[in-house]
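Participant: Below is one structure. I have some questions about it.
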C-alpha cells in the first residue's frame, strides 16, 4: 500500500499566499478529484504533492519517507505526474515519446522502446494504432492522451494529473477518466486529478477536495462536496441536477 | 524510427570521415613532403624538414581541428537540447566572448612579446573568468535566467573588446586583433594543444553525461523533474551543461579564436538522422563538428596563395547557407 500525506502545507509565491495549511491524505485504490475555481491553488497543490515544489512549511510523507529529503530517482518511480500544459514533443514517433516515461526507471534506447508497459499504455490510451506516427503532428486531444500514456509508462503507484481532460472531447474524456478509475480500483493505484468538469468529478471520483483561496473548503464523497449551497458559494454559480449529477447552470445573481 | 544501433552507426561513419580527413590534413599542405619518409624520420628521431613540418606544424593543427570542431559541435548539440532551442550555439553563454576579451587584452598589453603562450593563456583566463561570472549570475535560476545572463555577458565582453580595439595605439595591433578574432588554426603548436586539451576533455565528459536528462527535457521541465532529473542547483543538469560547454568552448576559443556557425549548423544537419532524440545527437555532433572544421581548414590551406582566408570566415560562409536552407525547410515542413 502506497500512501502520500500532506500535512499543514503552506506555500506563497511573490508575496501571495497560494496554499494555506492544506492537510490531505491520498489513498491507494481511490480517485481523488481536486476541484475549485481558477486560482484556488489546485495546480500548486498538485506540484507540491509531486515533489516538484517545496512548500514553505508543512510536511509531505510518502510511504513513511519525508518527500523533501527522499532521493529524486526513488520519488520518480513512486509518483508519475502529468502537467497542465503538455509540451509539443519533437518529431519522434508516438511510441518513442511514450517510451521516454521509462527514463524514470533509468531505462532508455531499445529496452525502453520495446518495454511491455509501453505497449500496454499505448493500448490503454488508444494510441497503439498511431504508435509509428510522428508525435509532433498529433492533434491537441491526441497529445493529451500521449502525455497520459507517457505517465502510465512510468508504472508508478501514485498518479497525479493536472486537468488531464481539458483538451479532450466527451468520448475521450470519458475514456481517460475510466482509465484513471481502472488504475485505482483494479490496480490499486492512488490517483489525484485536477478537474473543472463537475459532472466528471461526480461520476468518476471516489473523494473530492474542494479548494478555495488556497485552503481546503470541503473534503468528502462527491454527494457531500457538490451540495448546492457549497458549489454556489465557492463557484458563484447555481446548479441543476441531471440525474444525480450537478451541472453548473447560471451565474449567481 | 532510429535505433541505438543506427545512431552508433552514424557516429562510426562520421568518426571514420574524421580519421580520413585527419590523414589528408597531415599529408596535404603548402610544402609537399614525402609523408611516409617524414613519418619514418620522426620514428627514427631524425630532424629532417619533412619530419619537422609533419610533427611540429601539421599534427598539432590537425589535432586542434578535431578538438575544436568536436567541442563546438558537441556543445551546440548539448545547449540546443538543454534549452530546447535550435538557435542556441556555444557563443550564447558569453564564454567565447570572455575568451576573446582575454586574448585581446594580451594583444593590447603587449604580453605577446614576452611569450607566445601568453595569448592562449589570456584567452583561457578570460574564458574561466566568464564562466565564474556566469555561474554567479545564474545561481539557482533556470533556462531563461541562463539565456539572459549569457546575453548580458556576451554583450558586456563584446563592448569591452570593442573598447580595447578602440584604445589600441597601433593600427597594426588592431589588425592583428581583428585577424585573431576571425579564428584560425594556422601555426598552432603542441603547446596550444596542451592548453586546450584538459578543458576540452573535461568539458566534453561533462556534456556527454547529460544525454538522458536532455531526452527527458523534450517533455518539458516539469515532466523531466517528475522523472527524477534535478535541473538546477549544485547537483543539477544545468550545472553540467554550463560548466561542460563553458570549459570546453573557452579552452578552444582561447587557442583558435572565435569560429562561428559550427555549433549551430552541425546539430541542425544531423538532428534528422538521429531521430530528433537529443542524447543520440551528442556523439555524432562531436564527430560532425570535427569533420566540418577539418574540411574547412583544408580548404583554407588550399587557398593559401594570396592572403590566407581565416577559418572562422569560411565556416560562417559555409554555415550560413546551410542555415538558410534549414529556415526554408522549417517554413515548409514545420520540422
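Each residue, glycine too, has its Cβ placed from N, Cα and C.
TrEMBL annotations: computationally assigned, not manually curated.
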Participant: Of the residue ranges B:189-208, B:209-228, B:309-328, which one carries the transmembrane segment annotation in TrEMBL?
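Facilitator: My reading of TrEMBL: the transmembrane segment range is B:189-208.
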Participant: Hey, would you say the transmembrane segment (B:91-109) packs against the transmembrane segment (B:282-303), going by three or more CB pairs under 8 A that are 6+ residues apart?
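Facilitator: Not in contact, no.
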Participant: State the non-local partners of the transmembrane segment (B:237-270) in its own chain: residues 6+ outside its ends, Cβ under 8 Å from one of its Cβ atoms.
Facilitator: 10, 64, 67-69, 71-80, 82, 86-87, 89-91, 93, 95-96, 98-100, 102-103, 120-124, 126-128, 130-131, 134-135, 138, 142-143, 146, 180-185, 188, 192-193, 195-200, 202-207, 209-210, 213-214, 217, 229-231, 281, 284-285, 288-289, 292-293, 310-312, 315-316, 318-320, 322-323, 326
Participant: Out of B:6-27, B:62-79, B:116-138, which stretch has the largest tally of CB pairs under 8 angstroms to the transmembrane segment (B:189-208)?
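Facilitator: Of the candidates B:6-27, B:62-79, B:116-138, B:62-79 scores highest.
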Participant: Restricting to CB pairs under 8 Å, which listed stretch, B:6-27, B:116-138, B:144-168, B:282-303, is in contact most with the transmembrane segment (B:62-79)?
Facilitator: B:282-303
Participant: Other than its close neighbours in sequence, what residues sit by the transmembrane segment (B:144-168), given a CB gap under 8 Å and a spacing of at least six beyond its ends?
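Facilitator: Contacts with the transmembrane segment (B:144-168): 83, 91-95, 97-98, 100-101, 104-105, 107-108, 126, 130, 133-134, 137-138, 174, 177-178, 181, 238, 242.
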